[in-house]
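Asker: Dropping a structure here in structure tokens format, bear with me for questions.
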């Protein structure tokens, strides 16, 4: 489970700009909901090789009613889940009643809060920050997110320490969890009403999860250990991710954060899609997030019963077009959670994906496969020299990590990296799991000797003169 940073504040103070800076916006997990200013964005960020999640909560106002009231509640959920809160204010506009309202909400929470005074370019930073100390938070810091002024200092000063402390505690907790973990830990993810809870009950063989024909009836993530055919599992049914424009009831808990955390905490992720609705951008966002986090993956296309053959052909074509990047290694099952059709095959794929993700590969095998791949198709030339791959070893599992050492590996094209992945996948018969390749530039063992010789020759030439 990742460390979570929540960015909060009233509208138009620069929260989205700060979000883009922290996540390098192209990495953002963005859901295509109506209303740009209302959108909450979820992004992955990295600090010193430590991953963390960032959520941009949208504007908070004391006048929120209806849909806006729902969104304000969602912002509060994000704050409750957060390990650190960046409370963004506008240094140009100064303190407003809207800021006071947000501050009053934050004071009710036992959270680490940093008041981030944005838009201070062209102003005196100390003067811009002065009035915001009245909120009662001891950490106040001035930046210009648009010009990236002081943004690195912001994370260095306020994120580094709590992030490192969190992962020290988390590593110990996770090691304990792994020891206590009940078999294969897998999560069911997807939008509301695609049948995740029905599938959970079908897998368990009993009605353990409340199911109604209404989106969002699973209010929170539910973890249930069970056993099937001698294999132990723990299943997590996450509250669904739904399109915000369709949200009408404020009691429904929109829990993207819970879903993302469940993905990170799973061995295998089962993405459940409604065959009648087709695959959406939300589905794709969650699938990409799972792959980026190295999770083994199975796809279950639910509500397959009762569809005409013509509709089934159309659904398969749509899946092939939108999930082209999964065709090579992810099992896709067409199921009926209600009637149990093909659910047994989903279990088989979960077992296979887990076994592949944890398969042990020796350094000798990794190097041999790399050499076979190079013999079949050599790396390209760079200038007058060919890129040379020397040896490989395993850098981890779940997902499998293959580390390849060589010369000029930084210039290896993506097409050749994909070739290597496909070659290893086919040779090792990997199903359901991504394979991560890392490329390391080989050190020249004679570099120091060469430098020393050059210095000696230089000294001799001086003496000759």
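Please read every residue number as a count from 1 along the shown chain.
For all residues, glycine too, the Cβ spot is worked out from N, Cα and C.
A quick note: this is a predicted structure, and the numbers were derived from the prediction, not measured.
Checked Swiss-Prot, it gives:
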BINDING   9-16, 56-60, 118-121  GTP 1 binding site
BINDING   190-197, 237-241, 302-305  GTP 2 binding site
DOMAIN    3-166  domain 'EngA-type G 1'
DOMAIN    184-358  domain 'EngA-type G 2'
DOMAIN    359-443  domain 'KH-like'
REGION    446-465  region 'Disordered'
Asker: Count the residues of the domain 'KH-like' (359-443) that DSSP assigns to helix (H, G, I), to strand (E, B) and to coil, and report the three numbers in that order.
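Answerer: Computed counts for the domain 'KH-like' (359-443) are 32 helix, 26 strand, 27 coil.
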Asker: Using C-alpha positions only, work out which of the binding-site residues 190, 193, 196, 304 is nearest to residue 120 (GTP 1 binding site).
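Answerer: Closest by Cα: 190.
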Asker: Please determine which of the binding-site residues listed here (12, 57, 193) has the lowest count of neighbouring CB atoms within 10 Å.
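Answerer: Fewest other Cβ atoms within 10 Å, among the binding-site residues 12, 57, 193, is found for 12.
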Asker: How many Å separate the Cα atoms of residue 196 (GTP 2 binding site) and residue 15 (GTP 1 binding site)?
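Answerer: So the alpha carbons of residue 196 (GTP 2 binding site) and residue 15 (GTP 1 binding site) sit roughly 34 Å from each other.
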Asker: List the Cα distance (Å, whole number) between residue 193 (GTP 2 binding site) and residue 57 (GTP 1 binding site).
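Answerer: Their Cα atoms are separated by 24 Å.
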Asker: Once the chains shown are all counted, how many other Cβ atoms turn up within 10 Å of the Cβ of residue 196 (GTP 2 binding site)?
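Answerer: Its Cβ has 29 other Cβ atoms within 10 Å.
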Asker: Hey, what's the Cβ neighbour count for residue 9 (GTP 1 binding site) at 10 Å?
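Answerer: Here the count is 28.
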Asker: Please give me the CB contact count at 10 A for residue 60 (GTP 1 binding site), counting all chains in the structure.
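Answerer: Excluding its own Cβ, residue 60 (GTP 1 binding site) sees 23 Cβ atoms within 10 Å.
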Asker: In this predicted model, what is the average pLDDT of the domain 'EngA-type G 1' (3-166)?
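Answerer: Taking every residue of the domain 'EngA-type G 1' (3-166) together, the mean pLDDT is 82.
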